[in-house]
Amino acid sequence: MDKLVINGGHRLTGSVAASGSKNSALPLIAATLLCDNGTCRLERIPDLKDTRTFQELLAYLGADISYSGSRLSVSTQNLRAIQAPYELVKKMRASIYVLGPLLARFGRAEVSLPGGCAFGPRPIDLHLMAMEKLGASISIKNGYIEASIAKGRLTGGHIEFPVSSVGATGNALMAASLAEGTTTITNASIEPEITALCDFLMAMGADIKGAGTTALTIEGVPSLHPVAFTNIFDRIEAGTLLAAAAITKGTISITGIDHTHMGAVLKKFKQAGCRITIDDDSLTLQSPDRLEPTDIIASPYPFFPTDMQAQWIALMTQANGSSRIIDKVYHERFNHIPELNRLGAKIEINNNEAIVHGPQLLTGTTVMSTDLRASACLVLAGLVAQGTTEVLRVYHLDRGYEKIEEKLRHLGADIQRENYQEFST
């Protein structure tokens with residue numbers, strides 16, 4: 001098992017390129033299942049544990065996969081299975097994305113109940129409701145979701161989500177693209193990753209209106225054709241790197257980004273006293289000598305993202321005052337706080353609100369990751385802590401950050417990956 005060893009106190013400077021979005025790559029890869037001929041070529045697919053697991057899953061289903069550099073080529077014309085097994089699905093919740101495409105293309109799908117990050121309840125009921133609205137019969141047997149159509153194709157219907165859901169919106173879009181008739185989706189997610197999925201599906205021949213809005217209309221088509229498509233940048237990775245610069249009082253530039261996807265995050269960095277300079281497809285953050293305490297409420301896009309909440313808490317440990325952090329997406333997403341407090345942070349949890357008292361002198365110790373973004377939060381804390389911090393179980397980090405220690409080291413961090421033996425008690 002791997003850990004990251006960080007000697008804190010180094011100011012980050014320099015320039016780094018943003019990776020492709022993990023949260024966009026996974027539904028894009030799933031959408032290739034909708035093509036019954038030819039090869040889809042996806043550019044800017046990050047090399048991550050989750051993207052590799054998704055490639056394994058498609059290969060298990062019978063797809064031909066080729067990955068080189070950041071280009072992924074997928075041919076799904078010879079699929080031989082409609083079951084996504086527990087052995088693969090347990091590794092990440094996003095495996096549920098294959099449900100809609102398999103059901104739309106073959107009329108049947110069996111998907112193991114998902115795994116992934118362990119924080120709070122994240123039900124899949126909205127995915128199942130969407131499939132039922134398109135005419136599927138759903139049952140759960142022996143730990144598997146079993147979905148089927150009595151005959152023919154899925155049929156268009158009206159899907160109204162009671163709450164915004166990125167995953168359920170993506171699954172509904174993919175299934176509806178091959179459904180017979182018209183599907184309308186209200187309260188659809190407007191995250192950039194969903195807009196990218198719409199763009200990919202439309203490039204393949206899907207008829208989708210309203211991309212980027214909460215109201216989508218999909219006219220089903222008989223088939224989709226393979227295309228080449230470039231993934232969007234990872235706004236969460238970019239935000240994490242900006243936080244790394246801010247917490248170390250550094251100055252960094254990130255290239256290959258679209259700043260319009262980061263409006264809420266950049267606004268908060270500015271409120272905290274950081275200077276942001278935008279230039280075409282890059283931006284530069286210059287940290288102030290004194291960070292100002294800045295409250296956040298994590299909510300669906302276009303508001304501050306829940307996937308940046310943990311990193312913001314780490315940053316606010318160095319702010320000159322107290323900050324309030326509320327997560328309206330995942331109310332219980334505070335597993336990182338006890339570990340931050342072990343480093344010397346002073347953070348209270350009051351119901352669904354975290355109160356961060358800063359500035360606090362953090363000192364290095366051994367901490368343990370509990371999920372993907374908690375891992376990033378602990379790395380940020382390690383960058384500013386005095387002495388040596390060891391972050392264990394960084395396999396969580398590898399699910400969503402491409403070569404993160406290499407990027408941080410390039411910017412001046414003293415960070416190394418080492419292997420260690422974890423003993424059970």
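Quick reminder: no glycine exception, Cβ is built from N, Cα and C everywhere.
Among the features that Swiss-Prot reports, active site, proton donor is placed at C117, with the record citing sequence analysis.
A sphere of 10 angstroms centred on the C-beta of N23 (phosphoenolpyruvate binding site) encloses 23 other C-beta atoms. The phosphoenolpyruvate binding site annotation in Swiss-Prot covers K22, N23 and is backed by sequence analysis.
With a 10 A radius on its CB, V329 (UDP-N-acetyl-alpha-D-glucosamine binding site) counts 21 other CB atoms from all the protein chains. The annotation UDP-N-acetyl-alpha-D-glucosamine binding site is assigned in Swiss-Prot to R93, R122, P123, I124, D125, L126, D307, V329 on the grounds of sequence analysis.
The 2-(S-cysteinyl)pyruvic acid O-phosphothioketal annotation in Swiss-Prot covers C117 and rests on sequence analysis.
Sequence-distant neighbours of L126 (UDP-N-acetyl-alpha-D-glucosamine binding site) (same chain, 6+ apart, CB under 8 A from its CB) are F161, P162, V163, S165, G167, A168. The separation of K22 (phosphoenolpyruvate binding site) from V329 (UDP-N-acetyl-alpha-D-glucosamine binding site), Cα to Cα, is 19 Å.
By a simple count of nearby Cβ atoms, those within 10 Å, the most crowded of the binding-site residues K22, R93 is K22. You'll find the Cα of D125 (UDP-N-acetyl-alpha-D-glucosamine binding site) roughly 23 Å from the Cα of K22 (phosphoenolpyruvate binding site).
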